[in-house]
């Protein structure tokens, strides 16, 4: 029996005429596709450009360039090709996350940077007011190293080399490890809560900053009547809905690039201006604690939740990697990890100076509602130029609009998948517009209802913590099966269990803080 030849390599022996071409409805597992979806159908053999090397000549050592997209290249041993064929599901080509698989390391870096840095970094100095210098820096360092390790695990687990499956969504890999029912109980709520909660926070930041931008540009002597906070929230939501009409995750790579640049710029400007202007007179760095032991404990836990919230974004890692082509010879984990390392190097260079420099400049006078942004506008408005203040506001607005798109994309994907599974066809353009507008204005309603970001930051961080710090460790144990009692076995079990315990504690602390301060909050009255 003749040997089946790779489509992207020079054949060692000529293909016998008796071997029938591979039917286009199936593909070898080494082509790495989604378990239930594969956005791009296989190309027919007519699309394959034959090698210029004569069939009776000795193949060259250098492998020729790939002539077909890598995610459809049949690579693997003849036994695997003969015994394991997996049917491709066309539904994956209809959904926003995996509609396009032409991503690369640059796109991955843009998406990771846009989703990994932003407004949540501005709240980090608030955590320092409770934890203090030493424990604040320790908590920030441990959280950064921990989430970078679990990010590496997710990148490696994205594609299964034995079965050829690509887990293009976080919930898919959870279903493969824990079962569909457990995955929905353990993962669906945190993932949706993280996406929705982040979009709500972005709407609050974008709306309130739009008001500050108008006041800064207009000046103190301006007599033009400004919009109400609710109207500013509505303006931001309308802009986000308009921008959300871009079809898929790959199409917003340019938006993520703009969001990344603006985030790096305003983070750098804010901490450099704050440090350059010297500290406020009479500030204190002594940790703020409540009168009761219970209050102090829950305040510390809530501060840890704020630190955890600063490193959310793991619910998007598999989705970002799903936009890349992948094969056994050119797996997507290589460019994905390269882009992620570059992005998180920049994130570390922004987050650590922002948290440390912001706490150094303002100490305990940092407002809980808004964090460093509120402190910057409250204390530096008089001694900082109007241009700098307006520029920072504009950069924050643009970054919030850009980040909204990438965090809303999993929700768009989920909403459209309900239609495609039922109707067995892609969403029409008008239905896609309606679904995304419905989500955007639903976020607007929640943003108006929630009083402040500082009040819910710890709760959101606690709920999303297992997605970032715990579940990847358990999935690694399930899929890679390290030797029992080995270093990797102990490491992942320890981190996973500690992550779950910490998550429960942070959620309890977040609920307690909101309950204790409920009389101070004004629900449905944004400022």
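Using N, Cα and C of the backbone, Cβ positions are placed for all residues, glycine too.
Note that TrEMBL annotation is computational and uncurated.
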| Which stretch, out of 252-273, 274-295, 296-317, is listed as transmembrane segment by TrEMBL? | 252-273
| request: Would you please say which range out of 82-104, 105-127 has the annotation transmembrane segment in TrEMBL? | output: 105-127
| remark: Matching 47-72, 489-514 to TrEMBL annotations, transmembrane segment lands on 489-514
| field | Stretch with greatest number of CB pairs under 8 Å, the transmembrane segment (342-362) reference, 105-127, 133-155, 185-205, 456-477 candidates | value | 105-127
| note | Best-packed against the transmembrane segment (489-514), counting Cβ pairs under 8 Å over 105-127, 185-205, 252-273, 429-450, 456-477, is stretch 456-477
| note | Note: vs the transmembrane segment (387-408), the recorded stretch with the largest number of Cβ pairs under 8 Å from 105-127, 133-155, 429-450, 456-477 is 105-127
| request: Answer yes if the transmembrane segment (133-155) and the transmembrane segment (429-450) have at least three CB pairs under 8 Å among residue pairs 6 or more apart in sequence, and no otherwise. | output: no
| said: Do any residues, 6 or more residues outside the transmembrane segment (252-273), come within under 8 Å Cβ-to-Cβ of it, and if so which ones? | reply: 103, 106-107, 110-111, 113-115, 117-118, 121-122, 243, 246, 343, 346, 350-351, 353-354, 357-358, 361, 372-373, 376, 380, 384, 388, 391-392, 395-396, 398-399, 401-403, 405-406, 409
